[in-house]
Structures are given as structure tokens and as C-alpha cells.
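Taking it in order: structure first as C-alpha cells, then the write-up.
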Amino acid sequence: MVASVSSSPTADAYEMSPTLASRDSAEHSLLREPSDEFLDIDAVGAKEHRRRLLKLGCSFFLFGLINNVLYVIILSAALDLVPPSTPKGIIAFCNIAPALAAKVGWPYILKGRIRYTKRIIGCCMLSAFGMLIVAFFDSLFMRLLGIGLASFSSGLGELTFLQLSTTYSPPSVAGHSVGYFSSGTGAAGLVGAFLWWEVRGFGVRLGVGMSSLMPFIIPLTYVYLLPRPATFLASPDAYDDHHPPTSTSSMPYTPLTTDEDDMVGEEESSSPPGSKHNVSLSPSDKWRIVRPMLLKYMLPLFCVYLGVAPTLLYPVPSPTEHPFLSKVIHSVRDYYPLWQLVYQTTVFLSRSSISLGVPALPTRLISLPAIIQAIIFLTLTFDVNVFYRINQDPPSPLTAHDIERTRQEREFKIGSVGFADSSGILFASIFAVPMEVTLCRQQVSRGKLLCKGL
């Protein structure tokens, strides 16, 4: 009995201890679980947001790379596309005039919402068709026609992707996409010049023909890699914790739903229920938007691109005096693609400044690179800053209450500025034709026939 009595409390204590322990554990978990759960949610949300930002950056990098690489290939192959007696400025003219027409026509003439899927597919098909014409026709007219088609597609594509960046919110995410798009356009110069340097030995038909497959990367990226704008609206806090956005607008931006005639999976924009209505910017509205940007953004962009033109030509280096350079330069025709490669390398670095974490230039200094280039003919170090700053501009107080009008104004602003760089290149190509002829005549008059070997 004693043993049983003495063992009973022990047994009861033994049976109660797990219950008390589990109760304490439950109370402890009730006190700790909420904060732990929130930490887990924050960590998962931040990780998921970083993954979406990475996909967004890669998508816009590929957009800029593929959209501009054909333009660079055409410029790098200019000597091989026209007869020696034809000024190479004609190639530059046909490679930029249609792009300028696209950048002027679409934002200034067309009205209403943008159909991004249809535009992207159209640009892809037009680019591929233009490059095939260049590859499989030998006449000068047909090659210039193919270059013009590819140029029109490139201009419309650049306009489309810059406008597409405005559909992302907050503005810091839109700036993120513009930074990587600009980096991609810089990489296009480097990749295009290097590709032609490597494949020019195959000839125009095979070398240019292979490049006609590259535009198909764009719609694949748009459909399978690019995150939709609505995915960033779901996690603004995760973004704010890691990349605080600049204060640009107190009005939230929301994308509009897709119309029935759009392709499946396209998410162009969205608006709160009941706010969707027909809005189109009138010519007076567009002039009101463009006028403040003429001197602030467009003139510096025009001046920088006007100053780009390779005019240097040297004799072929001898192996004894230049052992390294002689392995790269075998004829005077090798200088032009080499200049393109060197030039596009520095363009890539300058256009990647935002993506590499270099702070954007203040608005008051945005003309500084154009002034520097006018003095020492440097690179395009501010190109990305212009489009980045436009994406950060707050909406007009006059229309801030109208979400649909604000969306169209943002798309128009960034699209309208693009015509400034193309017009600068256009004028540069026009100046290059008489300049090339005049310089060659002066060389010949002095007994130097280097230019005749091009």
C-alpha cells in the first residue's frame, strides 16, 4: 500500500508533466508565432520580389539587345553592302530615317491605347523579313529597302519597349526596366559589332541571313519571361524595404485590363472598376506635354547623336612596327568594323550606368555629356539618364485625377523623346555623305589613295 500510495503521486506527476509542457509550448508558440510568421512572409515576399525584378531586368535587357543588334550589324556591314564608290552615309541614312518615321508617327499621329502584343509580333516579322531581303538580294535598291524595313521595325520596337516600361509601378520599378533596356541597347552595339567581325568571312548572304532569326527572341521573352505589371502592385512593401523609390507621384498606378481583341495572356494596363473610359490625347495635349521637354531632354539627346561618325583611316599596320594590331587589321576595310567594335564597347558601358548602380545625372546637368562630347567626342553617357528621368517625372496636376489620361501621357512622353536621338543620327548621316566625299578628294589630291580601297 505504501508503495502504491507513494507511486501514485509520482505517476500523476509523470502524467501531468507532458500536459503542462504542451500547454506551455502552446502558450509560447501563441506569443512567438505571429512575429515569426510575419518574418517568414516578409522574407518570402522579398525573395519573390527580387526574383520578379531579376526577370524584369533580364526581359528588358533582351528587348534592348535584340531590338538594336540588327541596326548595329547593318552599320558594321556597311562596307560589304554597297559598292566601294557609294558613300557609306547612305547606309546610315537608310538605317535611321525609317526608325525616325516610326518614332514620329506612332506617338504623334496615332491615338488611343497601345496594343503591345500586336506591336511586338509585327516588329519581329518585319525585322526578320527586312534582313532576309538584305541577305538574298544583291541589288543596291533591294538591300536599302531591306535595311529600311528593319530600321522601321527597330524604331517602332524601341518606342514600344520604352512605353511598356511606363506600365510598371512604382516609378522605381519603371526606372529599373529602363535602366536594363538601355544596358541592352548598349550591349547590342557590342554584340552586333563583334558578331559581324566574326561572321563577315561567311559573306553577306550567310552572315546577315543568320541574324534574321534573332528577332524571334523578343516575342518569346515577352510571353514566357516578362512579369506582368500587376505582379509588382501586390508587393510594394518588399520593394520599398530594399529599393526605396523616389517621390514622384502620390497617385497609385494600376494597369488596364485587356480588351477582347488582344491576345491571350497580354496585360497592357488596368484601372479601377468604373474608371475606364475612352481617352485620347489631342494635338494640343501632345504639344503641351512636349514643349517643356524640347530644351530639357530632346536638344541634348539630338546633339549627342549628331556627333557620332567614324572618319579616321590609317595605313595597314606592318607586323614589325605593330605586331598586335597587324593581327587584327589586314586591310583598310578592317578599320570601319574595328571602330564600330571599340565605339560600341564604350556605349555599352555608358548605357549600363543605371544598371551598374551609378546615380542618374541631376536634371540640371543632363546637357553636360553633350557639351563634353562636343569638346572631346566622348560617349553616350547620358542617354539612359534622359529616359530614366522621364519615367520618374510626376504626372501633371491638371490630369492627375484621370488615371487613363495619366497613363497615356506617360506613354506619350517617353515615346515622343525618342525621335530626338534618331533625328540626330539622321542629320549625322546626311553630313557624313559630303564629308566622306570631300575628305577622300583631299586625300587623293595629296597622293594618298587609302579611301579608294574602301
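Along the chain as shown, residues are numbered 1 onward.
Glycine is no exception: its Cβ is also placed from the backbone N, Cα and C atoms.
From the options 177-197, 282-302, 303-323, the stretch TrEMBL describes as transmembrane segment is 177-197. Among the residue ranges 1-21, 43-63, 85-105, 106-126, the one that TrEMBL annotates as region 'Disordered' is 1-21. Segment annotation: TrEMBL labels transmembrane segment over residues 203-225 (candidates 203-225, 410-432).
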